[in-house]
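Take a look at the structure below.
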């Protein structure tokens, strides 16, 4: 299976590492041979219809920061869409940074691939939160698969779980913790009794919160994920502006201590129903499935037959997110 | 899809109720029409190649306690294996009570069905904990499917989850709470500060513990499940006698209080690795995924790429267990 990989940051490099680690296993178990035929970053591209050497690619990126420095097959300044035209591939793997204004460049790249009848796998929340319906229709029209497990919950496999593991159940609603950064901050405030500002700084020092933490702490990241879950699992047609959002930046250590005295924790809870979407801080019981620690994500699916079923997994991480992408690639392979 | 249902207790009746509730949905979504062509209990059988009326069947059982009283098509004293010979069917659904001595009558019924090239779905731990390898080989030889999601964790979909939702990951080990009765007792002792004996009596009064609670409280039930998980997911060849088992009957309220003071809970933890299986009371952190309450079951899968992934769901219940059976039936249908 020939992969055209757009974006070579943490997630893209994770995918390359996973291919290097697991290609023999995938070959043995599924007869699947993953080949990277093109890779891009902001510097340009590397293209080889025979397949790039993933270890050499990772080494080149580590040493120079640029995929276009890949020996022999690197092309400086070659843009994503141009790269897609120059190589024959089976799956577009789109892992450029999320843009929640207009979802570009991801949106155009995905549309181009789907129109060219290529399967698409993405970890990018932008196009899904803003244009889910259009993109899914386009995939259906062109009879190709469009998969996005890594866009929600990193290594917490919620989307394929809902679709494949509970085929006899109807899913009525979802409640979850969909952002690892805020869960880390709230967990630490609870344990240490520390203030929001101080704990945010610690999270930034550890690389868990970004320099500009707005999208995480104000709930936007989790809001994007509620849209994706609702449209994908409940069959709705929401977009980002439909979500009622409240972040965690006003939560005090006093509020957390008060809740704790009564056996409760404060968590940033995302709620997904067929009628409304919301992200807001809420009280949850200390011994409930919502009481997960650190950067973990979790989601509880309310079903018609099995009552509540919960999945918990790491919300981020390069290899962890790559593992979700790998599951999508294997599932595409199994169905083709 | 014609189903021959052996056993019509809580689980069997749950399956009938689920078919009554969901047949239209399954028809719409998967083109699947589930027909009960035979049902047995200790009184005898009811057989109709056109399909029994599930509502009438449930009503007959509720009023008389006997499926052989089903109007027109009931046959008193007709045994399971005889029933299987008298009707043409596609799937044997085996939900007779678990027997961990020799796994009968389930073992013989399953073997008979597999040799007749019928698919088999079971919720029965006996045959799986004692004869997993033989039964799976027989299924493979006869080119039919043998599914058993409901045998572990009721509505917690661990087996299909491991096989289908994480296809890119290798699962290295599993830690979990696989028995709802003991988790209910320990959770309640923690909350109320009550003694083991007193709490067991409460659980019995609520119908959560059985009159003879030995298999639950001494860990045998959970031990069977470790064997099933290991053989199914890790590819081992263990049987019940390989499991190191310690129950919860010696746990005191003092030990629980002491643990709680340090932020820990005592839980009956099952550990599944390629090298050993065990069930024993252990300390877990209050804010960990193991801190689930009441009759919930949970399992954490340690994977090579996604670190730890956890599923939580109700460990028992008639409809809940039936939902796991329904998932197996749908998955068999999708692959035939």
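Numbers run from 1 along the shown chain.
Each residue, glycine too, has its Cβ placed from N, Cα and C.
According to DSSP, residue B:225 (active site, proton donor) sits within a helical segment. The active site, proton donor annotation in TrEMBL covers B:225.
Under a cutoff of 8 A between CB atoms, and with a sequence separation of 6+ in the same chain, the neighbours of residue B:11 (NADP(+) binding site) are B:95, B:123, B:150, B:318, B:321, B:322, B:325. Here TrEMBL flags B:7, B:8, B:9, B:10, B:11, B:12 as NADP(+) binding site.
Neighbour list (residue B:125 (NADPH binding site), Cβ cut-off 8 Å, at least 6 residues apart, same chain): B:98, B:100, B:151, B:152, B:221, B:224, B:225, B:228. Taken from TrEMBL, the feature NADPH binding site covers B:125.
Counting only same-chain residues six or more apart in sequence, the Cβ atoms lying under 8 angstroms from the Cβ of residue B:210 (L-homoserine binding site) belong to B:181, B:204, B:216. Annotation comment: TrEMBL describes B:210 as L-homoserine binding site.
Annotation source TrEMBL lists domain 'Aspartate/homoserine dehydrogenase NAD-binding' at B:7-149.
If you look up TrEMBL, you'll see B:157-330 marked as domain 'Homoserine dehydrogenase catalytic'.
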DSSP-derived helix, strand and coil totals, residue by residue, for the domain 'Aspartate/homoserine dehydrogenase NAD-binding' (B:7-149): 70 helix, 24 strand, 49 coil
Per DSSP, three-state class assigned to residue B:210 (L-homoserine binding site): coil
